[in-house]
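Student: Per TrEMBL, compositional bias 'Basic and acidic residues' is recorded for 131-143. Feature annotation from TrEMBL assigns compositional bias 'Low complexity' to 259-272. Feature annotation from TrEMBL assigns domain 'Fibronectin type-III' to 30-121, 149-237, 276-330. Sequence annotations record features per position, and here TrEMBL assigns region 'Disordered' to 1-26, 116-143, 224-272.
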Amino acid sequence: EEQPLPTEEPQQEKPQTDVPTSEATPATAVLEELRVSSITPSSVQLQWSVPKGSFDSFMLQYRDAQGQPQALPIDGGSRSVTVPGLSPSHRYRFHLYGLRGSKRIDRVSIDTVTDAAVPEQLPLPSEDPQPEDHKPEQPKTEVDQGQVALGKLRVSSVTPNSVQLQWSVPEGSFDSFMLQYRDAQGQPQALPIDGGSRSVTVPGLSPSHRYRFHLYGLRGRKRTDRVSTDVVTADPEDLPSPSMDTPTEAPTDEDHQTALPEAKAPPSEAPSAQAVLGELTVYSVTPNSVQLQWSVPKGHFDSFTLQYRDAQGQPQALAVDGGSRSVTVP
């Protein structure tokens, strides 16, 4: 309730953000122009800069294709974000707020239209695997000989509704990557990825379903190389039920006394001096998302898995990279 619907009062919001910028933060924190760096039928990648000062966090607000307000919290160190789950050929208005604590200091906005459902430059991944397998080989020998190459695409983590993929670039570098696959309904999905990334987590998948992922390496808008892999998402019954773990992570008043010993026991038994998880804290909350943070005071983990039950009581699991210390649950 505390967050205004982004498209309902842009004129009222603007004076509110202009006033603090000129009064309270003349040389403290300024947001510069919000721009679109990549666009697909179902996602938009946005970039911005902070030429002066710094923000504790950002908040991106927009309305989805059904007109429902959406809010995405973003870490204060970020300068780009990919917004997935959009509808093809739909106009969106994005508002990016720079926050100090919970106070909005500055705002930038942009309107953009997502690509058509079947863009000409993006063939449907599962329709032409054999022709595509031969196409990347030609550019590799003609244009990028000894310059740029993608290493094998491998699966680093699988849950019932997400897959974490990793790859290497043994030769050269790419400007960006594009991951393509079909969802459980057979609709093509495309996820743009920064050229410096070597891993990506694909959320919103269906349990026990086979997916074929294609990762393209791009130079400008030209595809230079491609690697693919098939993955079957996990069966929810193969994972421990989140409701069994919940008392340990978030004990109720009744469970508090019994839950604490359970939480303390593993660090002293198995991972002594090896790997210990610090306290899980809530960093940011919106009506439809939560940003969580944690620490690893001792050792390190290969990866993390976040488990919870959705509003319908269905178990959900989100794979998180082992180097991460925060995650946004949308």
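Numbering starts at 1 and runs along the chain as displayed.
A Cβ is built for glycine as well, from the same backbone N, Cα and C atoms used for every other residue.
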Student: May I have the DSSP-based helix, strand and coil counts for the residues of the domain 'Fibronectin type-III' (149-237)?
Tutor: 2 helix, 52 strand, 35 coil
Student: Within the domain 'Fibronectin type-III' (276-330), how many residues are helix, strand or coil going by DSSP?
Tutor: 0 helix, 32 strand, 23 coil
Student: Looking at the domain 'Fibronectin type-III' (276-330) alone, can you tell me the average pLDDT?
Tutor: 80
